[in-house]
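Novice: Before I ask anything, let me first share the structure, which is written out below as structure tokens.
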Amino acid sequence: MKLIVGLGNPGEKYAQTRHNVGWLVVDELARRAGGSWRKDGEAEVCEVRLGTAPGEKVLLVKPQTFMNTSGKAVWPLMSFYKLEGEQLLVVQDDLDSPFGLLRFRLGGRHGGQNGVRDIIARLGYDRFPRLKIGISRPPAGRDPADWVLSKWRDEERETLAELVRLGVGAAELWAVQGLAEAQQMYNGTDLRPQPPAPPAAPAPAADGAPGDAQD
């Protein structure tokens, strides 16, 4: 058994906010696997099998405690199933990565993400994988707390849908083949618009072309 935890806040008003991108990933994982959600303590959970049949047994988790106390939902499940840190993947939003970036990280500090902060505090260790999905820092003068609870703009939705699709593939690869394979495949993901290439330099004129000086 492995756990894939999508971080977010419960309630319709939070469903399409930046902070809930982790929920979008686990919801899509559940949909593709044909699973159904049920209540289990402080979480909604969905048991699925990922990968080639018979597949890897995975419990998808959506904490129902609100973001800042996510560990309250995660710790009992880790304890009940007697899981270690490497069997847990947390899918989270990441303020410090530009929107369009997706990457795995093993362990380390919470980086200001309060759901991760609480999971670390309740588990008593930080050595578990995270799948970090960039949402960018807010525009100058805007409070980060307000930014993470803001809804996606219409012009961001195409990139968001692709990030979620890639996040699903990344989480499934982690579950089936492990962190190293998933990092190698997905840590270069960058969906940011690329600047246009500079115009090519004009080719040098051939000898004897019009305008050349002649002997």
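Backbone N, Cα and C define each Cβ position, glycine as well.
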Novice: Swiss-Prot has PHE66, ASN68, ASN114 down as binding tRNA; which of TYR14, TYR81 does it also list for that site?
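Specialist: Answer, per Swiss-Prot (tRNA site with PHE66, ASN68, ASN114), from TYR14, TYR81: TYR14.
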Novice: Where ASP93 (site 'Stabilizes the basic form of H active site to accept a proton') and HIS19 (active site, proton acceptor) are concerned, what is their Cα separation in Å, rounded?
Specialist: 6
Novice: When DSSP is mapped onto helix/strand/coil, what comes out for ASN114 (tRNA binding site)?
Specialist: helix
Novice: Round to a whole number and give the Cα-to-Cα distance in Å for the pair HIS19 (active site, proton acceptor) and ASN68 (tRNA binding site).
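Specialist: Just about 11 Å between their Cα atoms.
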